[in-house]
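Below: one structure, written as structure tokens.
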Amino acid sequence: MFPTWILFTLMAAFMQSWRNAFQKQLSTTVDVYGVTLARFIFGLPLAGLYLYFLYQQQPISVETSFTTQFWIYIVIAGLSQILATILMVLLFKQKNYAIGVGLAKSEAILAAIVGVIFLAEHLSLMGWGGVAIGGLAVFLLSKGNQKQKISISTLCIGIGSGLSFAVTSLLVREASLELSTLPVIQRAAWVLLSIIGFQCFIMLLYLSIFSRSTLVAMWQRLGLTFRVSICSFLASLGWFTAMSMQTVAIVKTLGQIEILFSLLISAYFFKEKLARTDHWGLGLVVIAAIMVIWA
């Protein structure tokens, strides 16, 4: 039987690939800030219902204590994820769908480096090997069938998105560890509700003041906005729970299996052509996934 964190990671990767696909569609008629809000707006009530369900199934007698450090992690993680999403949507407009996702998946190796340097996280030799191979896979998949070099702006946006996602993931884990008196599932659910609530507040406040037309555009694409939110909620639920159980770099390296789902969506949903290097890249993703599972 696979460890629980693996199952949550696979669910997260699958749902995130669909969320990205729906975000790409939504970005054709809604601006980048509206597409970002779409990730959270319907996720907030779902996160509340999910937490309520957990407490109904497993009542907790221990009083939940939210430290100042917990809220600092929540605020920085929430802002980092908003920035990462904005950069990723901009990336969709510069490269095709699969390459956009591939560049942003530099998150895993960046999370490993930042986690070790600033948060004293530890990775085994095999874990580092898996992360490195996963990074090589991302490079191959990002390059695709292009003859020309990737532009500096595209590279910077992609790395910026990956780094912002990495910071988000690392601080999500740190916030979860602050709630050490709770079972791991409840810890992840509290972090999920807190971050989504903060993000909804910030984005709704900003758009209500500066861009009400964006809210109108989202309302006109309500069905697609809802699909983005549902997929995003399920993906975040999977990521947050897995990262509460396992080191971020390990989770995110296994999560690169999302690239396989994204390439399939790219080929069959968006009718985009894939390159020969995609096969090598996918093979390396599988090898990296196996290595981190056994790390």
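Quick reminder: no glycine exception, Cβ is built from N, Cα and C everywhere.
Pulled from TrEMBL:
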DOMAIN    4-142  domain 'EamA'
DOMAIN    154-293  domain 'EamA'
TRANSMEM  6-22  transmembrane segment
TRANSMEM  34-55  transmembrane segment
TRANSMEM  70-92  transmembrane segment
TRANSMEM  99-119  transmembrane segment
TRANSMEM  125-142  transmembrane segment
TRANSMEM  154-172  transmembrane segment
TRANSMEM  184-210  transmembrane segment
TRANSMEM  222-242  transmembrane segment
TRANSMEM  248-270  transmembrane segment
TRANSMEM  277-294  transmembrane segment
Open item on the list: Counting by DSSP secondary structure, give me helix, strand and coil numbers for the domain 'EamA' (4-142).
Closed with: 109 helix, 0 strand, 30 coil
Open item on the list: Would you say the transmembrane segment (222-242) and the transmembrane segment (125-142) are in contact under the rule of three or more C-beta pairs closer than 8 Å, pairs 6 or more apart in sequence?
Closed with: no
TODO: Could you check if the transmembrane segment (184-210) is in contact with the transmembrane segment (70-92), meaning 3+ Cβ pairs under 8 Å among residue pairs at least 6 apart in sequence?
DONE: yes
Task: Residue counts (helix, strand, coil, in that order) that DSSP gives for the domain 'EamA' (154-293) - done: 123 helix, 0 strand, 17 coil
Task: Surrounding residues of the transmembrane segment (154-172) on its own chain - C-beta under 8 Å, 6+ positions past either end - done: 73-74, 76-78, 80-81, 83-84, 87-88, 90-91, 94-95, 100, 103-108, 110-111, 114-115, 118-119, 121, 142, 191, 195, 239-240, 243-244, 248, 251-252
TODO: Using a Cβ-Cβ cut-off of under 8 Å, list the residues of the same chain that are 6+ residues beyond the ends of the transmembrane segment (222-242) and lie near it.
DONE: 5-6, 8-13, 15-16, 18-19, 22-23, 25-26, 30, 35, 38-43, 46-47, 50, 169, 172, 176, 184-185, 188-189, 191-192, 195-196, 251, 255
